[in-house]
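What Swiss-Prot annotates here:
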type     : residues               : note
BINDING  : His410, His522, Cys530 : Zn(2+) binding site
DISULFID : Cys419-Cys425          : disulfide bond
DOMAIN   : 406-532                : domain 'N-acetylmuramoyl-L-alanine amidase'
CARBOHYD : Asn77                  : N-linked glycosylation site
CARBOHYD : Asn367                 : N-linked glycosylation site
CARBOHYD : Asn485                 : N-linked glycosylation site
MOD_RES  : Ser239                 : phosphoserine
REGION   : 550-576                : region 'Disordered'
SIGNAL   : 1-21                   : signal peptide
SITE     : Tyr447                 : site 'Important for catalytic activity'
Amino acid sequence: MAQGVLWILLGLLLWSDPGTASLPLLMDSVIQALAELEQKVPAAKTRHTASAWLMSAPNSGPHNRLYHFLLGAWSLNATELDPCPLSPELLGLTKEVARHDVREGKEYGVVLAPDGSTVAVEPLLAGLEAGLQGRRVINLPLDSMAAPWETGDTFPDVVAIAPDVRATSSPGLRDGSPDVTTADIGANTPDATKGCPDVQASLPDAKAKSPPTMVDSLLAVTLAGNLGLTFLRGSQTQSHPDLGTEGCWDQLSAPRTFTLLDPKASLLTMAFLNGALDGVILGDYLSRTPEPRPSLSHLLSQYYGAGVARDPGFRSNFRRQNGAALTSASILAQQVWGTLVLLQRLEPVHLQLQCMSQEQLAQVAANATKEFTEAFLGCPAIHPRCRWGAAPYRGRPKLLQLPLGFLYVHHTYVPAPPCTDFTRCAANMRSMQRYHQDTQGWGDIGYSFVVGSDGYVYEGRGWHWVGAHTLGHNSRGFGVAIVGNYTAALPTEAALRTVRDTLPSCAVRAGLLRPDYALLGHRQLVRTDCPGDALFDLLRTWPHFTATVKPRPARSVSKRSRREPPPRTLPATDLQ
C-alpha cells in the first residue's frame, strides 16, 4: 500500500505543472496529502496507476531518466486516476512542490519542517520509493539496457552497506569500507571523449583506480546523481559549486515563498541536501523493515516529530549524524562515479557527459564527495537568523577581522532548561535578543552562535559581526553559548560535540578560525561563574583548551558582570 501511494504522489508531483497552492508549504501539509491518498486510493489500484502519473511527467531531464530506469515505470494513460484522489487544496500543494528548482534567487519544491529545516520534497519521495523497492542494484559495466526493476536484482546484504541508521554517536563518515574491484569499466564503455579536446584539456586527469562495479538505486536517485552533475558543471566552467546555501521564508506560520541568501546558489541547496539525505535515511530504513511496513504518513510524522519508533535520535534533527553513519566517503565517491557512468549509457546521453573519460568522471566524483562529506555532513546544521525570527540589528554592526584566534564558551544560565525542539529554542533566542537589546542596550543578541539540545546551532551575530559576549575580547574570538545552566549538570553529548569538534573544525576549514585557535571558558577572561562549574571542568580536558590566560583586572569589569545574574523572567544570560 505504501509503495503504491508513493507512486501516485510522485506522479502528481512530476506530472503536474507548477501552480498556486492554498495550503502553507509545510511538511505537515505533505504528510496530510499522503494520509489522504492512503485513505482514499485502493491498495490494489495504486501501484499501477501511480506509475502512469510518473511516466507522463513532461520533464525528460537526466534525473527523470534515473527515476525511470532505476525505479521503474509503466506506460498508462494518467487520466485513469480521474477523479483525482486529492482534495483541491492538496492537489494545489502537489503542484506547488512539483519539482525542485532554483530560479532568480528563489527556491521551489521545498517545505518547512517542524524542526525548522527546509526540505526539498522530490529527493525525499524518490528515496522513499527506492527503499520500498528494496534498494535495487545495477551492475557495471552494463551488459544490457534492461532496467534493474525488470531483473529483480536487490542488494544481498544491505546492512553491510548501511548499518543501523539510529547510530548517532559517530560525528563523521566511517573510514573503513569494503573494497570495490572489477574489470576496468573503460574497456566496456564506448569512448565518449572523441571530438572533445576542449573538455579533455579543461579537467585535471585522475588515474581511475577501482572503478565502480554497481549503482545503488537509493543513493543514485537521491544524492549521487545530483552531486555528480552539479560538480560536473562546475568542473567544466572552472568554478566551485556552492553547497548548502540557506534561505529565508516570507513567514514561518504559513510559509509561501523561499528566498535564497545567495541568489547565485547552485541546485545543491541546504533544502535539497536535507531532502536527499532524509530520502537516503528513510529509504534505507524501509528497505530493512519487513512487511507490514508503517504507512508513509505515519513514518514521516514520526521522523519529523519525536522520532521513528519513539527513538529521539532517529529524527530529522540529527540527519547529518545518521546519514554519516550509513556509508563511507569511498563508497559514496564510487556511487557518484557509477551514477555518472550510468547516465552516460542512458539515452539520450547527457550532453556534458558525452565527452568525459572515466578518469575525469572519477575526479568529479572525488571532488563532489569531498565537499559533501566535509562541508555538509561534517559540519553542524545552523539555523540562520531569519529562521528563529531575529529582530534587525540596532545600529551598524562592526565587522570582525578574520580569521580569529579564540573560541569563548558560555552557558546561557537563563534560560536554564535545555531546549530540545525548534519551537522552544527559537523562543529562547528571541527572548535573549530582546533582553540584550532592550535591557542591556546592545545592538543585537550578544553571542556569535547558540547551541540547542535539539541538534541545531542558532546563528546570533554569526561569523562576521563583532559580538557582545566576552568583555574586552569580543573582537578576538567567537562567543558560543549552550542553552541551559551547567553549574551542576552537563549538556547533551550532541551539543558538546558541536562545540568541541564540528563547529570549530568547519570554521577552520572555511578560514574563519585559525588552526591553532585557543578555547577558553568565559570565566577565564571575566569574573563570572560562566560557563558553569560542570561544563568548565569538562572544557579543561578538551584539546584546544588553554589554561594560561589570566582574567582581566577587577577594575575593568563592571560590578554586575562579576556574578551570575539571578533567575528572572527575561533571560539575563551572560553580561559579558
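Quick reminder: no glycine exception, Cβ is built from N, Cα and C everywhere.
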If you measure Asn367 (N-linked glycosylation site) to Tyr447 (site 'Important for catalytic activity') at Cα, how many Å is it?
34
In the structure shown, which of the binding-site residues His410, His522 has the fewest other Cβ atoms within 10 Å?
His522
List the Cα distance (Å, whole number) between His522 (Zn(2+) binding site) and Asn485 (N-linked glycosylation site).
14
According to DSSP, does Cys530 (Zn(2+) binding site) sit in a helix, a strand, or coil?
coil
Top Cα neighbour of Tyr447 (site 'Important for catalytic activity') in the set of recorded positions His410, Cys419, Cys425, Asn485:
His410
What Cα-Cα separation, expressed in whole Å, is found between Cys425 (disulfide bond) and Asn485 (N-linked glycosylation site)?
14
Cβ neighbours of Cys425 (disulfide bond) where a neighbour is any other Cβ within 10 Å:
27
Where Asn485 (N-linked glycosylation site) sits in the secondary structure, as DSSP reduces it to three classes:
coil
